[in-house]
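In what follows, a single structure is set out as structure tokens and then discussed.
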């Protein structure tokens, strides 16, 4: 029934999946409760002001913790957290394993002896040793070796807004950096790399801006070079497959001649392996040629869709800036999420640890709040990305199904956002929740695989990887189906399940066309990304080459190329999204319209030419006629 139901593009709008919108709002209220709870329990003060190893919050009066010495102190004038051994880093738990104290000021110069530490305390009023030692006892009390900082005490400065004394020289973090960057063998290499980045920061910013400009230019001109890219792809595939197969057969023939003179088991094994490789390559080449033969006509549709997509960006220029808004909203949400996560890390009740110091831990059901917080990260992030997909789909659908382009809304993007907020937030919430349901088990399995690395047997490792791979494939398929479901919702204003079913039927009926678009189209966009990265990298090499005598420019070049690829991916993913929406609209248009009076096509002239050429070729092959042979009527 779904496939026969009449599609009525943009005729009416109604609210969809309202219960899912209410569920999403309730979930967001729960996220707000977690934030409020962590602030109410003092976690915000502990995070921003810092606290010492005895549970005292710096810069205020504190309440005594039962069973903990040095707790409940008045530290109103001691506003900074100072670590006695800031370079003692626990790489497993990612924390500093050192006694923490509240001090009045951070040491702004290196202190090499206990006498220097004592003089600093007498001069600045900032005691860097434990609270039970008086400054006059620093050089005489034998306990000073354990209760005073490890010297030399490095020069440090307070971190803005977080009141922690951090060493100015990052060399003591070289061990932590080496654990993250495995190719760094000593701290001097790390220093040179970082200095290279700082010296070249203006060039890096300029090259990042260049990649942004190149991406925007490519989105405009890609419709003119799409046919060339397809021919490049075809020639490369043909030459690569034929060349690889020919080389394998040549090596096999050469090896066979030489093996006849030397009869060894190794030579026989190599000869047999080459024969297998050559036969496999031949079978692959034949299958590839057959696929290209079958799909050659459908490649023309991909070229036409890319051409129309270029026109869409001309009529809807705000689509180019869609990645910026999405990225900006994601950054705001991720900042909020990380802040609340830090709050959760310092919330709870003070509990003595095995060393006799204080840690803040949540007990009872509240200790599972961070699970809820993690689910919120995935669901809300997917919700934001789904809102972008729905916004783009709504704008492109409006463009496609508006016969007179002069009658387009003044800002179709804002009109699409308005429809999304008024009618379809529930559909977006449901679609993003389905992706979350698949992503969470995959992340859990990845975590288990990481924790058991080297401990599990080969069978368990293989099963874990297979499950992770299957869930990843399922996630990608659902993401693609969700995007087409959003397009169907934008067209007919139906709920998520109905839209997904309708879109799935259309996609199955055009399976070969979908395959052509997703293979040829994706490779064309990949070539675009490679072009932007190579152009930016080449410009970077030419500019950074002038600093080769005093700067290591490998890391700046890597940063620039990664940023260029990220920017190109963000922009061209919007292009890919527009092509997918156009294809679904085109498939619906050709299914329910035939160009006759009263059933005129909505499609662009380029797509009309494609349909007309397809009908002529079918008619010449003896398969056309009747309704299929009618000439297309103008829009």
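Backbone N, Cα and C atoms are what each Cβ position is placed from, and that goes for glycine too.
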Task: Annotated transmembrane segment segment (source TrEMBL; candidates 129-150, 151-172, 173-194, 327-348) - done: 327-348
- [ ] Could you check which of 479-500, 501-522, 523-544 is flagged in TrEMBL as transmembrane segment?
- [x] 523-544
Open item on the list: transmembrane segment per TrEMBL: which of the ranges 72-97, 98-123, 228-253 is that?
Closed with: 228-253
TODO: Choose the correct range: of 412-434, 435-457, 550-572, which one does TrEMBL annotate as transmembrane segment? Give that range.
DONE: 550-572
TODO: May I ask whether the transmembrane segment (368-401) has at least three C-beta pairs under 8 Å with the transmembrane segment (20-45), counting pairs 6 or more apart in sequence?
DONE: yes
Open item on the list: Checking distant contacts: for the transmembrane segment (327-348), what same-chain residues at least six beyond its ends satisfy Cβ-Cβ under 8 A?
Closed with: 31, 34-35, 37-39, 41-44, 46-47, 51, 360-363, 366-367, 369-370, 373, 376-377, 380-381, 384-385, 570
Open item on the list: Please identify the stretch among 228-253, 300-320, 368-401, 523-544 with the greatest number of Cβ pairs below 8 Å relative to the transmembrane segment (274-294).
Closed with: 228-253
Task: Cβ pairs under 8 Å between the transmembrane segment (228-253) and the transmembrane segment (523-544), at least three - done: yes
